[in-house]
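*Asks:* First, the structure itself, so that you have it in front of you.
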Amino acid sequence: MPGPCNCIETNVCICGTGCSGKCCQCGDACKCASGCGCSGCKVVCRCSGTCACGCDCTGPINCKCESGCSCK
């Protein structure tokens, strides 16, 4: 049985308990709310300081951070 967020096998992205799945995308772009765990996710986007990644962030190459923030 695949993990709850093994997006490649299930095509479903389920975020950790109490975590928002807003803007969550399946496949290689599986993503949960900031600070939430999702086993099987392969996307890493780090924004500067306390800034969060934007909804259309799908990886380091097109990392999108909140307005006025930069991706590092």
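Quick reminder: no glycine exception, Cβ is built from N, Cα and C everywhere.
As the structure is a computational prediction, the values presented were derived from the model and not from experiment.
As annotated in Swiss-Prot:
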BINDING   C15, C19, C32, C36  Cd(2+) 1 binding site
BINDING   C19, C24, C38, C41  Cd(2+) 2 binding site
BINDING   C26, C30, C32, C41  Cd(2+) 3 binding site
BINDING   C45, C57, C63, C71  Cd(2+) 4 binding site
BINDING   C47, C51, C53, C57  Cd(2+) 5 binding site
BINDING   C53, C65, C69, C71  Cd(2+) 6 binding site
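Are these features on the surface or tucked inside, and what touches them?
*Replies:* Reduced to three states, the DSSP call for C51 (Cd(2+) 5 binding site) is coil.
DSSP assigns C65 (Cd(2+) 6 binding site) to a strand in the three-state reduction.
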*Asks:* Need this for a regression test: binding-site residues C15, C32, C69, filtered to those with Cα within 10 Å of C47 (Cd(2+) 5 binding site). What's left?
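*Replies:* Within 10 Å of C47 (Cd(2+) 5 binding site): C69.
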